[in-house]
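What Swiss-Prot says about this protein:
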- 1-20: signal peptide (SIGNAL)
- 21-160: topological domain 'Lumenal' (TOPO_DOM)
- Cys44-Cys129: disulfide bond (DISULFID)
- Asn60: N-linked glycosylation site (CARBOHYD)
- 161-181: transmembrane segment (TRANSMEM)
- 182-186: topological domain 'Cytoplasmic' (TOPO_DOM)
Amino acid sequence: MKPVLVLAILAVLFLRLADSVPRPLNVVVSEIKSAHFRVEENQCWFHMGMLYFKGRMSGNFTKKHFVNVGIVSQSYMDRLQVSGEQYHHDERGAYFEWNIGGYPVSHTVDMVDITLSTRWGDPKKYAACVPQVRMDYSSQTINWYLQRSMRDDNWGLLFRTLLVYLFSLVVLVLLTVGVSARLRFI
């Protein structure tokens, strides 16, 4: 009973420490000074080593415009371009929507760039999104979370990752030992 109490106290302390570290927020950085285009929604997050992002941009669009969503990393070799936008036109005007989920990325990804261009023009960065890290409870992505926390010096994420992983191992061992002990006496 005492080890369980000690583990519970340590879990509360680690989770409080993890919550005291500020997490990255969704950031919208407008770089085109124009009243013609507006970002209405811009969200991105990491979950299970995958990148999810969705958003909406409205303005004076024509079919010649297109929005490109790119993933920016610390290394230039990881500069990826992801295209999943959809052009819409209704009574409120023209807008672009993107909803890209489950894109596998390395732990070095820093930002999602949203660029706006025409078919003949150079793309201009219009907005950016800094992904939030959403913790999961699977051991498949433990390595990704450990690398990300060490790269960012995010001690809260490191402690949460280790705590969740160790807790899942303890539960697995207790279940395995309990099942094998029950089977032995049946």
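Backbone N, Cα and C atoms are what each Cβ position is placed from, and that goes for glycine too.
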- request: Using all protein chains in view, find how many other C-beta atoms are within 10 Å of the C-beta of Cys44 (disulfide bond).
  value: 24
- line: One should report the C-alpha separation between Cys44 (disulfide bond) and the residue listed as 'N-linked glycosylation site', rounded to whole angstrom, as 25
- request: Give, as a single whole number between 0 and 100, the mean pLDDT over the topological domain 'Cytoplasmic' (182-186).
  value: 61
Query: Quick one: Cα separation, Asn60 (N-linked glycosylation site) versus Cys129 (disulfide bond), in Å?
result: 22
Task: Please determine which of the recorded positions listed here (Asn60, Cys129) has the lowest count of neighbouring CB atoms within 10 Å.
output: Asn60
